[in-house]
Structures are given as C-alpha cells and as structure tokens.
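The feature signal peptide is assigned by Swiss-Prot to 1-23. Annotation comment: Swiss-Prot describes C25-C36, C53-C150, C125-C142 as disulfide bond, evidence class sequence analysis. Residues or ranges marked as domain 'C-type lectin' in Swiss-Prot (evidence: sequence analysis): 32-151. For S64, E66, E70, E151, the entry in Swiss-Prot reads Ca(2+) binding site, with the evidence type similarity to another entry.
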Amino acid sequence: MGRFIFVSFGLLVVAASLSGTGADCLSGWSSYEGHCYKAFELYKTWEDAESFCMEGVKGGHLVSIESSGEADFVAQLISENMKRLDFFVWIGLRVQGDEKQCNSEWSDGSSVSYENWIESESKTCLGLEQQTKFRKWVNLYCGQRIPFVCEA
C-alpha cells in the first residue's frame, strides 16, 4: 500500500511539473511560450487557411507573430516540419477592405506589436518568404493557395 501511494504521488508531481510546458498541446503540435503551433502542408487561400485553423482546434487561428523570438520559432517549425519548402507560408495578418495600411489586429484579435516587413512591401494578405528563411513578411494575393501555420 505504501509503495502504491509513493508511486501515485510521484506521478502527480510529474503531471504537475509538465503542466503548461507543452504537454497540453495536441499530438503533432509544438509549444512556445504557452501557445501551440503546427505547420500544415495543405494548399489553401488565406481565408480558407484561417477557417481551417479555427475549425481544427479550439481557439485556433493563423499564427500571430508578436516577437523576434516567436518569429525564429515559427521559421524553425516550418523548416523542420515541411517536407517541401514552398516559397511562401500564410500568417494571420491581412488588410481588410480597401485600406492601404496594415490592419491593426491579427486574425486572433491580438494587436500588432511586432513587425518584420520586407522593405517596400505593401500590406494585403501576409506570408513568410522562403528567401528570408521564413523570417520576413511579404504581401501576397489573398487567393493564392499556399501552406500555413496555425496557432492555438
């Protein structure tokens, strides 16, 4: 009986220590600073990719890149998890309507506090470009079908 209590307590300690470390991400997803991420090698328009992320996991959206550390994490995630490295990958930022400037929110509703544009780019639907090792943002035609990264 004493051994059972000791083992049960040990398992409880391990479970508590894993809480919030990525253990609560779905299988196949990666954790970074309390969020879960997955690169999808499916070819979808920006809008279809956003819908896919929202329907696939509770609280899911196209990735919102809010720091250089997160940008590096996402770039590494793409490079390590996609068999075919396409030229572009969707992120969760686009301009609504006829505006000429960046929408002030990501698709998940968070504010744009970090920017990493390729110089001279106008701002419509945004993706990451392979030539920059998926670290810089580039504007793209929103109807283009390319891979994407979801965040939850």
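Numbers run from 1 along the shown chain.
Quick reminder: no glycine exception, Cβ is built from N, Cα and C everywhere.
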For E70 (Ca(2+) binding site), what residues in its own chain, 6 or more apart in sequence, show a Cβ-Cβ distance under 8 Å? Y32, E33, Y114
Going by DSSP, how much of the domain 'C-type lectin' (32-151) is helix, how much is strand and how much is coil, in residues? 28 helix, 38 strand, 54 coil
Find the shortest Cα-Cα separation between C125 (disulfide bond) and the binding-site residues S64, E66, E151, and name the residue that gives it. S64
At the Cα level, what's the spacing in Å between C150 (disulfide bond) and C142 (disulfide bond), rounded? 17
Can you give me the same-chain residues 6 or more apart in sequence from C53 (disulfide bond) with a CB-CB distance under 8 Å? G60, H61, L62, G92, F148, C150, E151, A152
Around C36 (disulfide bond), how many other CB atoms lie within 10 A of its CB? 19
Under 8 Å by Cβ from S64 (Ca(2+) binding site), same chain, sequence gap 6 or more: I91, G92, L93, W106, S107, D108, S110, E151
Here the 10 Å Cβ neighbour count for E151 (Ca(2+) binding site) comes out at 25
About how far apart, in whole Å, are the alpha carbons (Cα) of C25 (disulfide bond) and E66 (Ca(2+) binding site)? 20
Neighbours of the Ca(2+) site S64, E66, E70, E151: Cβ within 8 Å of the Cβ centroid, same chain, sequence order. H35, V63, I65, S67, V74, G92, W106, S110
Return the average pLDDT for the domain 'C-type lectin' (32-151) as a whole number. 83
